[in-house]
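TrEMBL has this to say about the protein:
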TRANSMEM  20-47  transmembrane segment
TRANSMEM  59-79  transmembrane segment
TRANSMEM  128-150  transmembrane segment
């Protein structure tokens with residue numbers, strides 16, 4: 001229970017910034033006796049993950065909002081406040097924003113256009129200026145809040161994802177090896193699903209890394225932070241290779257490779273060594289691990305000749321068994337690179353375990 005409460009957070013940094021943006025926007029609009037609702041809605045939808053994104057998208061949202069307001073005025077002048085006006089205003093705003101490459105401003109522009117229509121008071125010019133002004137207040141306030149308050153730190157999330165991916169990859173490798181050696185029979189669908197989960201987490205982690213790099217363009221960071229980010233970037237590159245090799249092994253094991261009992265025993269001994277090195281904090285590789293890999297390497301060339309397949313005169317240069325052995329050797333090469341990477345950065349990296 002204490003561990004749960006330790007990690008339980010009702011409000012994250014982005015939520016807090018959204019609340020502050022709404023409060024300040026409402027305060028400014030009330031002070032100038034301007035309609036609040038449009039401004040606060042804009043403030044809610046324009047808080048971004050990074051300061052860079054806020055500035056870049058704000059430059060798009062201003063002209064997009066002006067376009068939406070102009071379309072609303074035009075549709076109201078032609079058709080009044082009927083249902084057709086709402087539909088046409090939304091369609092034209094979305095279509096024109098897309099054509100003008102203002103895609104990041106489509107949501108704000110459409111909200112501006114639709115929300116203006118019910119509140120026209122007869123003077124379209126005044127309504128246009130008022131609505132555009134309140135929307136602009138929401139955009140400016142949310143951009144400034146996002147830039148100056150609570151700059152996000154995605155590094156802990158990235159480190160946690162790396163930790164989780166190592167264990168997920170280890171679990172996936174175990175299932176593949178059990179299917180290959182006959183120790184157990186996991187469904188191919190479950191192996192593919194686990195591989196998709198690993199790939200998805202890897203993609204999300206790369207997005208977080210991009211967010212962190214963008215954030216540091218406008219906020220100070222230490223040399224240690226920069227070195228840690230370099231480590232994370234290189235680690236993710238190696239994880240990409242592991243995921244690739246695991247995917248190849250998962251596909252190959254679907255054809256039920258026919259290893260001899262001696263070969264299976266070697267694979268049974270090697271699997272846990274791979275898992276241990278993968279999940280170890282510094283990815284240390286034992287001497288026994290190296291010896292088993294040497295045996296696998298010596299047998300690879302022998303197996304390559306013994307497992308040649310001929311089917312209707314067509315020669316398969318890499319049979320299923322050979323592919324699996326090759327992928328395992330490649331997997332080991334990546335583990336060695338991981339160990340070298342953590343050794344190189346051991347003085348300034350912070351692992352996920354250290355964060356706890």
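Including glycine, each Cβ sits where the backbone N, Cα and C put it.
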Close approaches to the transmembrane segment (128-150) from elsewhere in its chain (Cβ under 8 angstroms; 6 or more beyond its ends): 13, 16-18, 20-21, 24-25, 28-29, 34-36, 38-43, 46-48, 50-51, 54-55, 58, 61-62, 65-66, 69-70, 72-73, 108, 112, 115-116, 119, 218
Intrachain residues whose Cβ lies under 8 Å of the transmembrane segment (59-79), provided they are six or more past its termini: 42, 46, 85, 88-89, 92-93, 96-97, 100, 102-106, 108-114, 116-117, 120, 124, 127-128, 131-132, 135-136, 139
